[in-house]
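Asks: I'd like to ask some things about the structure below.
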Amino acid sequence: MVKGVIDQVVKRNPGEPEFHQAVKEVLESVAPVLEKHPEYKEAKILDRLVEPERQIIFRVPWQDDKGEFRVNRGFRIEFNSAIGPYKGGLRFHPSVYIGIIKFLGFEQIFKNSLTTLPMGGGKGGSDFDPKGKSDSEVMRFCQSFMAELCKYIGPDTDVPAGDIGVGGREIGYMYGMYKKIRNEFTGVLTGKGLDWGGSLVRTEATGYGLIYFLLEMLKDLGKSIKGATVVSSGSGNVSIYAAQKCQELGAKVVAMSDSNGYIYDKDGIDLKAVKQLKEVERKRLKEYLKHKPNAKYEDGCNNIWSIKCDIALPNATQNEIDEKSAAKLVENGVWAVAEGANMPSTPEAIQFFLKNKVCFGPAKAANAGGVATSGLEMTQNSQRLSWTFEEVDAYLNRIMKSIYKQSKEAAEEYGQPGNLVVGANIAGFSKVARSMLAQGLV
Ligand code: NDP
């Protein structure tokens, strides 16, 4: 049954290996749930789940600073709305194509379900590369992107957010355009600025949430984060705030990366310097050496996983840890891996970690803090209220603990104690499956 659905997905979505990978991982995990619930088989829940409710692909024309016309491609996949309005980020990166957006949208269904908040799954983006573009070029692109996207989204329909290449600046330009066209001030995007409807803690949320989840993992492992050595790949939103929380809790973060290479600072990364480079100046990480000449820089990203550490946090992008990197980490004595990025470990790497008893926190559970806080932003927008930093942070912490508990308990219920990959998939899936069944054939 499961194999048949996977085969269909591969056949009907050719040339989309990331989507195939994500579907295979989830469907294989939930096979035992279908054995227990034949009504899901009868209602063809899996067949319906792997087919997005709506796929929107559109032209994004814009003008660069030299006056030349440019054209990119925009996407929004409204994947599943069984438990709430579609919710998921927008990614602007040259590697974006329909298969990446589908894989991310599919994952988002289960992640959002785990957060305990009423949010369906969606994802979007463009193959536009904000790197090297002026603010005016980014603004013109975002305005053109939103001029089309605004036809499909709304605070009760589909609420996009940021992802790779889409931060506060891009959300601002897109929100401005949405407001102008629709003449309404609503919570249609999350990750907004604090002065115009954003939530405190949203910036920090994915990174902080990852560490709150990691703390639950470590509790069961009988280990402390204090004094641990950490490698956190990437140097974007997730990596920076995960590293910040690790440092606050007494861990030493020794390495970070960007898409060109990685830095190793045995004395501990100076996060102020990284923030200045990446958040303010938008420069390459290599320039860190100007701040800390004793640190080391190496071109290319893979070798970051050969650095000895207790805790590895892949926080950059998909498939960044392969089996070879996993083997290196294990050889060097890693105890825990928690995924901040989406699908950063290949299936072979995950199996290697599990086989070697490394405590492994899968992305859809461990990095759900960002979307959870986006959900809290939606709640505050609906209430026309703003909660304090402490209130949102405490809520986030509770949600991450709940996600850990749900994943752990589902793994135990289905006879795979400690396997949070299977546990998160089953817990996320079960709620969506029950809701789809209740809502009939739609
Ligand atoms: P950012 O754009 O802020 O940062 C991404 C970081 O990863 C940058 O350092 C970037 O380097 C690096 N990177 C991007 N692509 C590659 C690549 N192909 N190879 C190596 N490094 C790469 O994005 P985020 O921090 O927001 O997102 C990181 C990951 O976390 C993504 O997988 C995203 O989907 C996931 N995520 C993000 C959430 C959020 O709230 N932001 C929520 C949940 C998941 P460079 O600067 O050179 O581009």
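Cβ atoms are placed via backbone N, Cα and C, with glycine included.
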Asks: Lys87, Gln108, Lys111, Gly162 bind substrate in TrEMBL, but which of Ser374, Ser382, Ser386 does that record place at the same site?
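Replies: TrEMBL lists Lys87, Gln108, Lys111, Gly162 binding substrate, and from Ser374, Ser382, Ser386 it also lists Ser374.
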Asks: For Lys87 (substrate binding site), which of the listed recorded positions (Lys123, Asp163, Thr206, Asn237) have their CA atom within 10 A of its CA?
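Replies: Qualifying among Lys123, Asp163, Thr206, Asn237: Lys123.
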Asks: Go through the recorded positions Lys123, Asp163, Thr206, Asn237 and tell me which ones have a CA within 10 A of the CA of Gln108 (substrate binding site).
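Replies: Among Lys123, Asp163, Thr206, Asn237, the ones whose Cα sits within 10 Å of that of Gln108 (substrate binding site) are Lys123.
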Asks: Check the Cα-Cα distances from Ser374 (substrate binding site) to the recorded positions Lys123, Asp163, Thr206, Asn237 and tell me which is shortest.
Replies: Thr206
Asks: Got a sec? Which of Lys87, Gln108, Asp163, Thr206, Asn237, the recorded positions, have CB under 6 Å of any ligand 1 atom?
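Replies: Passing the 6 Å Cβ check against ligand 1: Asp163, Thr206, Asn237.
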